[in-house]
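K.L.:
Dropping a structure here in structure tokens format, bear with me for questions.
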Amino acid sequence: MGAFDRFGVWVLVAFLVVGSGNGFYLPGSYPHKYQVGDILSVKVNSLTSIDTEMPFTYYSLPFCKPKGGVKDSAENLGELLMGDRIENSPYRFKMNINETEIFLCRTNPLTSDEFKLMTKRIDEMYQVNLILDNLPAIRYTKKDEYFLRWTGYPVGIKVQDLYYIFNHLKFTVLVHKYEEANVARVIGTGDAAELMPTTKGSEVPGYMVVGFEVVPCSSQHDAESVKNLNMYDKYPSAINCDPSTVAMTVKEGQPLVFSYEVSFVESDIKWPSRWDAYLKMEGAKVHWFSILNSLMVIAFLAGIVLVIFLRTVRRDLTRYEELDKEAQAQMNEELSGWKLVVGDVFRAPSNASLLCVMVGDGVQILGMAVVTILFAALGFMSPASRGTLITGMLFVYLVLGILAGYVAVRLWRTIGCGDFTGWVSVSWRVACFFPGIAFLILTVLNFLLWGSQSTGAIPFSLFVILLLLWFCISVPLTLTGGYFGAKAPHIEFPVRTNQIPREIPAQKYPSWLLVLGAGTLPFGTLFIELFFIMSSLWMGRVYYVFGFLFIVMILLVIVCAEVSLVLTYMHLCVEDWKWWWKSFFASGSVAIYIFLYSVNYLVFDLKSLSGPVSATLYLGYSLFMVLAIMFATGTVGFLSSFWFVHYLFSSVKLD
């Protein structure tokens, strides 16, 4: 799935990432030197489609299988959660040796079920994803004088009422040649120390794979003439690969014949820059200028709000503190506003334990986003390292359980004026609330994927592993954090709370209406970046501008804090002392607009998404994403408002 939450990175790292577009080493992907004639093995990933968003294994269709049988490649936890199933394939090359008209295999005559499945996959626009030396196969198409880049190639195509399969592949492997003496300069990393030359003075040239391109063709093969051919034999006649024409029809009861050719081209591309072709997709300029424009507007607007807000509060405090006590008492009787709720402003909110739990979970999610995107910006979770982003997010989330428990229990003690009774219950709820919601959503979606026999379904064994990680790591760490929170001194309120609650005057407009509308400003900071994230998740594009994501996070946190502060101050000015939950949802309401944007994206950008199962999967994952965002942004708003209210009433000297 790619990844789901996705806040941003810090500014300093952004400059590092922006300035390192060329020659940036991607950890997790190591240089491999090949000699002429060395075997290069192509791997296959799951079949994917933007039409259904459900991946399936490559060998679920009647494709050629390798001689030694199908074998799974080593997968990490993130790859399994994303639905990746990387397996070996029959395609193999010899380094820097061009080969043409290579016969691959002749399948058995297609059964009725195989024919229906093949045509269904073609109708659903499924793509074949090949991998060579950790590089996905890339395909170029020309449209209106522009070359578009795509990863993978279609299974086939439907023309009128006939289905055609792309059965001949024309591969181009870009290689970078270097002399043995230059290995240290080219590699330049300690991780590849085993690749350093051992024979001094040797000048045997070596090659690194720096590009992998594919052109799919549909060629009419004679199934009878290849009956006696073995895999990798020469095809008996010339094959003309013309991507603009199709010839190999898919028919029930008839076999399919597959072939390929490969050519090697020396390139000036250095190994550290070989991912540039995948990262520099079309529309990059629009992305940069749109994000920059958004950042400038939001930063300017946030600055204005902050200046006006601070001046207003400072004026009130200065005016109040300049009066003597007698004048202050008279002023309290004559004026309305935040000064009149001094005896109620720290009154415990309704459902205080739930608020503490949500704030604790929000701290955990926000911390996970910060740490994960920080490491991603530094290159440790690059596109070259499949699954590491999800694996890293999960690991960091588990470890930060100790921080979630600490914050939630300390807030619980603060609201209870030092009473730590029930801290174990609060810690347990923190450990189970958001993970429980996520587990419920993923379980329901997993049943849908299981029913569709998709590789996106989480295996039962992985479910057990996730449960063990949850209850054996996250829960104990959260309880440990709760223990330290119970031992830590609580935050003392600067004023006393009256026994009898003050009546809140009738408001002209419902206060919750203003709270829900406040989410528009935080949404304005991220909606452009959200488009690119959604495109990465659902359109198969590579997302890599984590430097911008860092900046967006900074703006998002600042705007969430400011919006919550302003609304809290406005509520106190109209003598509404119930600010606790409103400060949380003032910034957390951005999740509502993100969900509405997700629905809009489904209707207008994912027009091809077919079937109720696909739509349910999309909406389910979107709901999971917006809940996480609501917890994180709501926590920012609440904590900033709590600090502000505490500071505001600490500045007023009362008897």
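Backbone N, Cα and C define each Cβ position, glycine as well.
Per TrEMBL, the features are:
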SIGNAL    1-23  signal peptide
TRANSMEM  288-310  transmembrane segment
TRANSMEM  354-381  transmembrane segment
TRANSMEM  387-409  transmembrane segment
TRANSMEM  430-451  transmembrane segment
TRANSMEM  457-479  transmembrane segment
TRANSMEM  512-538  transmembrane segment
TRANSMEM  544-567  transmembrane segment
TRANSMEM  579-603  transmembrane segment
TRANSMEM  623-649  transmembrane segment
K.L.:
Name the range, of those listed as 430-451, 457-479, 579-603, that has the largest tally of Cβ pairs under 8 Å with the transmembrane segment (354-381).
P.N.:
430-451
K.L.:
Under a criterion of three or more Cβ pairs within a distance under 8 Å and sequence separation of at least 6, are the transmembrane segment (430-451) and the transmembrane segment (579-603) in contact?
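P.N.:
Per Cβ check, the transmembrane segment (430-451) does not touch the transmembrane segment (579-603).
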K.L.:
Taking the transmembrane segment (579-603) as the reference, which of 457-479, 544-567, 623-649 gives the largest number of Cβ pairs under 8 angstroms?
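P.N.:
Maximum Cβ contact count belongs to 623-649.
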K.L.:
If we skip the immediate neighbours and take only residues 6+ beyond the ends of the transmembrane segment (623-649), which ones have a Cβ under 8 Å from one of its Cβ atoms?
P.N.:
4-7, 313, 317, 338, 342, 345-346, 355, 358-359, 361-363, 365-366, 369, 434, 437-438, 441-442, 491, 493-495, 522, 556-557, 560-565, 568-569, 572, 579-580, 583-592, 594-595, 598
